[in-house]
Amino acid sequence: MHACSISQPLPSCQKTTPTPCNEIEMRVLTWNVNGLKAVVKNRQTNLKDFLDSLSADIICLQEVKTTKDQIEENIAIAEGYTSYFSFCKTRQGYSGVATFCRTTVTPVAVEEGITGSCHVGLKDSIGFPVLDLNDEETEQLNNEGRGLLTEHLQENGRGLVIINVYCPRVDPDNPDRLPYKIHFLSVLHERTKRLQAGGKDVLICGDFNCVLDIIDSAAMEDMPTFTKEPKTKELLLSFISKTPPITNEVLLDTYRYLHPTERGSYTCWCTATGSRQLNYGQRIDYILASRGLAESVVSSNVLQDEMGSDHCPVVTQFSISLMPSPTLSHLCSSFYSKFAGKQSKLSSFFSVSPIKRSNSGPVKESSSKKLCTLKEKEAAPVSLSRSRDVKTLSSGSKLSTDWQKVFKAPPKAPLCSGHKEPAVLRVVKKPGPNHNRKFYVCGRPDGSKHDPNASCNFFKWCK
Amino acid sequence: MFEARLIQGSVLKKMIDAIKDIVTDINLDCSSTGISVQAMDSGHVCLVLIELGSDGFEPYRCDRNITLGLGLKALSVVVRCANNDDSITIKAQEGTDNINFVFESPNGEKTSQFEIKLMDIDSEHLGIPDTEYDSVVKMPSHEFQRICRDMSQLGDSIVVACTKDGIQFSASGDMGSGKINLRQSSLVDKEEDQINIELNDPVHLTFALRYLNYFTKATPLSPTVTLSLKAESPLCVTYPIGDFGSMKFFLAPKIDDEDTAAATQE
C-alpha cells in the first residue's frame, strides 16, 4: 500500500509522489548546508523549490545558522512540507539543525535535543530518554542546536525515529571540545539503543565530523597512518558497521553497505584550499540505519553536484512506507507566534494575462554570458603583456628609476617547483614565532600527492 | 528606435533602489504612451507595477512597442554612477542587444555614457483587475515607513484595521505587542502631512512586514503614500511619481490558517 491511500489523503499527496502506487519508497536526505538562508538565496530560488529540487521525503539539514528571533518565514515554512528546527541557544548564527518532512510523512512526535529529557511528561514526546545525566550535562548537549528527533509511523505500526544530528567539530586550535564530542556521541548511541529497546526503528542522519575509514578521506589515502581524532573514530567504529547489524548496539552505514569499495565519495571539502575542484575531501556525513531497517535499504548516493555549501547532500532510499500524522507537533515552525497566519499568493487573486511581449532583445542571457567569459579570458594575458611593456620602456630612463624607488612593484612571485607557475602569497595566521610572516605556496587547489594537477608542495618564505 | 530623457535622473535612481531587493530582472515595456514595468518576487507574494507616462520625458520617442529586459544588478550599478541632478537618457536601437544610458550634468559640462546588455526575461504578466477598495488611506510616506519599521521589531506580521475611527496597525510576537492608531487629520498646514481616510467598509487584514519594509524603500520618491485595502484581497501601496507616473506594490494578505488557529487554541 502506498502512503497516499492511507487514512487522510492530503491534496498535495498525488502531486508530490510521482511514483506509481505499487512502489513503496521513502527517501531521506542529509545535508550540512552551512547557512540555510545563504544556500536558498545563492540559488536564486525560494525554499519550496529548493526543497523540491532535493526530491526527498525527509530532509535533514545541519548548520542552518539562524536563531528563533532571526528566522524569517521564507526559510522556515514551505508549502507541502512541515518543518522543525532546533536552534543554538548560546550563540547566534551558529550550528542549528532543521528537518523538513513532506506532508505525506508528517511526524507524530518531535523532540529537540538528543537526550529526550526535556520532553519527559509531554504528551507528544518520543520517550526512552537518557536520564542518567546531571542538569548541566543535559543542557550542554541539548542547547547547541545539534539534535532534532522526528518520529514517524510506519505502515507496519512500528515507530521510526529519525535523529538529525550535527556532531561537534573539534577545532585543532581548541582541543577542549574533544571530551564534549565524545560525550555527545556516546549519549547519542545510548539513546538509539534505548529507542530500539522500546520497539522503534532508528535512523541517524547528519554530519559526524569524523572519518571512519581510509577510503573515506583523501588525506588518509595519501598517508594511511595518519588519523585525526583516533578516540572519536574508535567510538564511532564501535557502533557503525558496513554490514547489516545483528544487535541493537550497532547501526548500518547505508552508503558503505551498498558501495563498500567506492572511492572518492567525499561529502565535505575544505573551502580555503579549493580542494573540491579536485575532489580531495572526506566523507563525514552519514545516514545510519538500525537493525530493523537494514533490509529496507534500496539505494544510497552522495550528491556531489549539489553546490552551495562546503558539504554535499547524502541520500538514502528505503522500501518502507510511512503514514502521515493527522495532528502536528507543537514544535512545527508554522506554530511560531511570529508566523501566525498563512501567506497567500498573488496568483490566487490575479490571473495570468496572455500578453505577448512585443519585441525583446535578440540576444539571450546565456549567449551574453558567453560573451563575457570570452572577453575575460582574452583580457588576462593582455594585461600581463602590457605591464611587461611598461617595465621595458621605463627601465632605461632615469626618471622612471626614481619613481621605481617611490613605488616599488611587488616582487615577482617565484615559480612553483611542480608546475612552473607563479606561486601565491599567503600570510601566517597561526599565532607563534612566524605569525604575520609572508610565504609563497603553489596556487593550485589541494589534491592528492599523486595528482599532477593538484597543489605541489612548493613552499618559500617571502623575504 | 527608443529614446526617453528624464530631466530628474534621481527619480530613476530612487525607483531602482526601491525594487532591487524584491526582483532580480525586469522588463521595460515601452510604448508610445510611456514605459511600464511589472515584476513579481520569486515567491509570488508581491508585485511591483511602475507606470511612467510619456509626458514625464523630454523628449520621448518610441517608434514601435519594444520590451527591454534588464538585470537589476547591472542597472543599479550604472544608475548609481549618475549624479542626483543629472538628466538621464535611455536609448535603444532596434536590432542591437544593448541599452544605452546617458547622464548629463545640468550645465552640460559632463556627460557619461553606459551600455548594458539586454536580457531575454521570461516573466508571467498578471492581469490586475480593477478593484473597488473598501478603504483608501493617504498618509505621509515617512509616517508609513516608520510604522512598518517599528512594528517589524515586534513581529513578522502586521494587522491593518480600518474603521470609522481611523486606521490601526498592530503587531505582536514573543516579546510583546504594539498598536498604532492614526485618525483623519482635521487641520494641517501642508497637504502632504495630511492623513485622509476614505472608508466604504471596515477592513481587517494581515500582511508580512518583510515585504512592506521592501516597499517603503520607495519613500524618497514621494511625500505621500496611498494604501488601498479590500477584504480578502491584496493590498495596494501607491507612491505617486510627480504627476506623470506611479509606483505600485501589491501584496497578497496572510490568511488565517485553520490548522494553525486550532492548534494555538489547544
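From the backbone N, Cα and C atoms, a Cβ is placed for every residue, glycine too.
Copied from TrEMBL, the annotated features are:
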| type | residues | note |
| --- | --- | --- |
| ACT_SITE | A:TYR166 | active site |
| ACT_SITE | A:ASP207 | active site, proton donor/acceptor |
| ACT_SITE | A:HIS311 | active site, proton acceptor |
| BINDING | A:ASN32, A:GLU63, A:ASP207, A:ASN209, A:ASP310, A:HIS311 | Mg(2+) binding site |
| DOMAIN | A:416-463 | domain 'GRF-type' |
| SITE | A:ASP285 | site 'Important for catalytic activity' |
| SITE | A:HIS311 | site 'Interaction with DNA substrate' |
If you count the other Cβ atoms within 10 Å of each Cβ, which of the recorded positions A:ASP207, A:ASP310 comes out on top?
A:ASP207
From A:ASN32, A:TYR166, A:ASP207, A:ASN209, A:ASP285: recorded positions whose CA lies within 10 A of A:HIS311 (active site, proton acceptor):
A:ASN32, A:ASP207, A:ASP285
Spatially closest candidate among A:GLU63, A:ASP207, A:ASP285, A:ASP310, the listed recorded positions, to the residue listed as 'active site' (Cα to Cα):
A:ASP207
Would you mind ranking the binding-site residues A:ASN32, A:ASN209 by how many other Cβ atoms sit within 10 Å of each Cβ and giving me the lowest?
A:ASN209
Given the recorded Mg(2+) site (A:ASN32, A:GLU63, A:ASP207, A:ASN209, A:ASP310, A:HIS311), which additional residues of the same chain have their Cβ within 8 Å of the Cβ centre, ordered by sequence?
A:ASN34, A:GLN62, A:TYR166, A:CYS268, A:ILE284, A:ASP285, A:SER309
Would you mind sorting out which of A:ASN32, A:GLU63, A:ASN209, A:ASP310 (the binding-site residues) have a C-alpha within 10 A of the one on A:ASP285 (site 'Important for catalytic activity')?
A:ASN32, A:ASN209
Report the DSSP secondary-structure composition of the domain 'GRF-type' (A:416-463) as helix, strand and coil residue counts.
0 helix, 12 strand, 36 coil
Given the model, what does the mean pLDDT over the domain 'GRF-type' (A:416-463) come out as?
87
For A:GLU63 (Mg(2+) binding site), write down the residues of its own chain that are at least 6 apart in sequence and whose Cβ falls under 8 Å from its Cβ; none is a fine answer.
A:ASN32, A:VAL33, A:ASN34, A:GLY35, A:SER95, A:GLY96, A:VAL97, A:TYR166, A:ASP207, A:SER309
Among A:TYR166, A:HIS311, which are active-site residues, the residue with the most C-beta atoms within 10 angstroms of its C-beta:
A:TYR166
Other CB atoms within 10 A, centred on A:ASP285 (site 'Important for catalytic activity'):
24
